[in-house]
């Protein structure tokens, strides 16, 4: 993941050289900033993603993606606390609707049938871990928005800097992880927390794994660049709203491939979550404006006739 983000830094300097050659105004000189500012978002990204991938092994993919909608709640609250943003009534209603949607999705997990791979206790633990990870991710989003706005950092440079920190830190952590026993939690033959040598061996013997890794690196690089671009041009919450749209695709694919069973409560929970994100992002305002403009011409003419100052009043005529 961090290798994909780190590749954005190389793309940034390539674009910078091209802009210097062709006088491209889109790559204006950046304000000087300390790269260590993006160390904290990188740590949040590393911690939150690690917790979410652990939780993904305990619950279904659709519930995992739906529960990630909780990040809108914490991003909104942290935006108020750290960015000084004021939330209007519709945004508070959106937060409440999102909470209600999360409750419905969690209830669907409790009532659905569980196989030997996903026991009820593991599903509950996984759902709680996902929500806990969203607190960390929301801190990352708010920090990125603050630093990108303040220093006018190019999105590719911001993503690449985070990827550099994350790649170096995780590479160093692979050394102690190679010697830490993990028991049944481990997925490698030695039973350790992480076995990088075994991972490279699998990649060498299975070209499909290498292809999947290359695809993952490319998609993460593009996804993070697009996400932080939205953060710069709009807001951190808008980025989270657009990110939530992936839920439909993941849910549909999981059902089509038979990876999970259909539960009606998930539809209700997703619709409530969708309503909450729409309210928070102000998507109801264009609809209300269109309804207010759809007043019939007859009503408008009657209103103008009643408000016409040249119209003679009945009392005056008498």
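Using N, Cα and C of the backbone, Cβ positions are placed for all residues, glycine too.
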Per TrEMBL, the range holding transmembrane segment, considering 12-29, 66-83: 66-83
Any idea which of 246-264, 265-283 is down as transmembrane segment in TrEMBL? 265-283
Range from 35-54, 89-111, 123-143, 163-180, 265-283 with the greatest count of C-beta pairs under 8 A to the transmembrane segment (66-83): 123-143
Do at least three C-beta pairs under 8 angstroms join the transmembrane segment (35-54) to the transmembrane segment (265-283), pairs 6 or more apart in sequence? no
Cβ-based contact of the transmembrane segment (265-283) with the transmembrane segment (89-111), 3 or more pairs under 8 Å: yes
